[in-house]
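This report refers to the structure that appears directly beneath it.
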Amino acid sequence: MNNLNNNQSGVTFFIFGATGDLAKRKLYPAIYSLFREGKLNERFTVIGLARRHRSREEFQNDVYQAIQEFARYKIDQDDNWESFVQHFEYMSLNTNDLNAFYELNQLTESLEQRFDIKGNRLFYLALAPQLFGQVANHLRDGGLLNSSGWHRLVIEKPFGYDLQSAEELNAQIREVFEEEEIYRIDHYLGKEMIQNIEVIRFANAFFEPLWNNKYIANIQITLSETVGVGDRGGYYENSGALRDMAQNHMLQMVAMMAMEPPSRMESEDIRDEKVKVLRSIRSYSDTQEVGEHVVRAQYTEGVLNDKTVHAYRDEDSVSKTSNTETFFAAELYVDNFRWAGVPFYVRTGKRLPSKATEVVVEFKNIPENVYFAKTNQLEPNLLVFRVNPQEGIYIKFNAKKPGGKSMIIPVAMDFCQSCEVGLNTPEAYERLVLDAMRGDSTYFTRWDEVASAWKYIDSISNAWSQNTNDLQFYEAGSWGPEGMIQLLQKKGFKWWPVHGQDEAEVTWVQAKSEK
Ligand SMILES: NC(=O)C1=CN([C@@H]2O[C@H](COP(=O)(O)OP(=O)(O)OC[C@H]3O[C@@H](n4cnc5c(N)ncnc54)[C@H](OP(=O)(O)O)[C@@H]3O)[C@@H](O)[C@H]2O)C=CC1
Ligand SMILES: O=C1O[C@H](COP(=O)(O)O)[C@@H](O)[C@H](O)[C@H]1O
């Protein structure tokens, strides 16, 4: 891979949407961390682009504020700051104005000369997706793709609203950029423990032999959030949890858990294996199937961390009669040899009691329980990937209670990675920006992955559009609607508590729904 060369010949970052939320919270902090860690040499420049007017100084000051507020490295020395910020320029540009792109090309060429950059250009679109096609065309027509280096387009989710709109969007972009030049961000793929799933699976003789339907009873994926929709109500009304979290982050996690070992750890080999999983996810054929396997719900007013929080319908830019789901749970099946019959349970929701991203692998019982009469079950073995906020691996198994005669109790081995290496591990966006700069697309989603994910999601949204009566409600600060528990109960399973969740609370929720 030509990683080092890419970095050594410099790069121009074009941040479209430079005054927006994503740029401030994620992109400037990521670029600063890379700079502080020596992963960006002196040969780079960042051009911020948005419609509103900003002088160079004002823009640099915005970047300063964003870094102080959101970056894991604080600006502690003026020297650091001065040598960093001299690389930042701003230009007011409306994406619909081709003339502005000619001007941008001139500005770029002069900056490339100043910083000795060999024409490598990374276009980051932190913009609404409706503008992607227009930007791509204007980049080409404005001459920005004529430089001698590489050209890469980084785009944010959501990639479309359904399969059809995603295909249209893809076609627009592909008129200008090759698939290899397109980096579709799914920031979950930049998270340390998501990347660790493949290592834990493929570098350990403990796990891979058991990784199939003979030994695994079910897999549970939880992405719970305490936040509500905040000021993103307008966006969220058209997205809901299904498109905001399930279509991308959640299905990518399913793919990482279920994929076959790739023959080589190369980008295309890994993505080939992931897409096979996504293609094998069973779509639901009608509203009845969706009703049986999928739960959608919306939060009502409630108490979270001792504070009363609004109902979703009372959030800014949200309709008082909105049917948008802020909670999504499903039982899904990967129809292939390895996973036949193994349910994958997924759930995500806003305004839940704690922030947690976890994957639990529940193993089947041993063939014969020699310790107790058959009616007494041993606790199943669990392997848990803790993704966020704590990062680590947790294994629960059965052992003899010390001193007891034949008492068996579940015990745990808990490896807390974030405790070991400290909390200051790289943010997902840092890894992904660096990967895009180096030309490594492993942890970006390829078009066929996106399209396959949409097929499954469309089977749900089509059914929902025919039946609006199945929306459930849950109080903000609770763990979600009752339907989520019933999804598993039908098969004799229960949701395992996520880190920090009291087991008694799970039992209580369970008991409540059993009534
Ligand atoms: N914020 C987040 O946490 C996440 C965001 N995303 C995605 O990232 C993208 C950006 O999101 P976010 O930063 O939140 O959005 P914001 O609304 O905060 O920012 C949008 C940016 O686009 C600029 N802009 C809008 N129209 C034009 C135009 N015609 N020409 C030039 N610039 C324009 C705006 O600046 P100005 O008004 O000055 O033109 C602003 O800088 C979206 O696709 C979103 O879905 C994805 C995951 C998370
Ligand atoms: O993509 C998104 O992700 C965030 C959650 O990300 P995390 O890294 O904090 O787990 C979510 O809040 C947001 O709605 C969604 O667009």
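Note: Cβ is positioned from N, Cα and C throughout, glycine not excepted.
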Residue from ASP231, ASP244, ASP335 that TrEMBL also lists as binding substrate with HIS187, LYS191, GLU225, LYS350, LYS355: ASP244
Reported mean pLDDT - the domain 'Glucose-6-phosphate dehydrogenase NAD-binding' (15-196): 96
Secondary-structure category, per DSSP, in which GLY17 (NADP(+) binding site) falls: coil
For THR19 (NADP(+) binding site), the number of other Cβ atoms found within 10 Å of its own Cβ: 18
Lowest local Cβ density (other Cβ within 10 Å) among binding-site residues: HIS187, LYS191, LYS355: LYS355
Where the C-beta lies under 6 angstroms from ligand 2, the matching binding-site residues among THR19, ASP21, ALA23, ARG51, LYS191, ASP244: ASP244
